[in-house]
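Reviewing the structure listed below.
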């Protein structure tokens, strides 16, 4: 397969809006119209339907992982597989199916990390869980996980181009959370489990 075609396929895969799909399957409102307005698992959870939120989480993680795994299976190099993961991540954030206004990309990024290196993914997940439990803020947990990712990547993978891809994903995650950072600073950020109103 041509590398450009791989990137396009990974982007299309990443663009699949599982938050919208799962909400329709469970007869829920469009998650872009309540809570934070973000089409992601945390916002779907605000609907009160944990099954829909779980399906969203699994779907968003899976598409990131599948992009990396599929690229590796097709014989592409580790950095090319990581770039396929980046394409899937960008597909989620700038979904062609949602007029290029997708989600924050946290779950998809975790899937990409899992495809690249399980230990890097586990370190990010551990940090996310720890901060989420301590603060009850999904955004704070995501920011902390984003910061640790290129660090753990450098430790575990060395100075490789793949780590640069991880750093780029982390930077985009922080940028996508800019409104949440402002809300955290002024005390208006919603906590995990808050209602959708």
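One is the number of the first residue shown, and numbering goes on along the chain from there.
Any Cβ shown, glycine's included, is placed from N, Cα and C.
According to Swiss-Prot, the feature transmembrane segment maps to residues 112-132, out of the candidate ranges 112-132, 133-153. Sequence-distant neighbours of the transmembrane segment (112-132) (same chain, 6+ residues past either end, Cβ-Cβ under 8 Å): 61, 64-69, 72, 78, 81-82, 85-86, 88-89, 106, 138, 140-142, 144-146, 148-149, 152-153, 156-157, 162, 166, 169, 192. Non-local neighbours of the transmembrane segment (78-98) in the same chain are 3, 6-8, 10-17, 20, 32, 39, 60, 63-64, 66-72, 104-105, 108-109, 111-112, 115-116, 160-162, 165-166, 168-169, 172, 176; each lies 6+ residues outside the stretch with a CB under 8 Å from one of its CB atoms.
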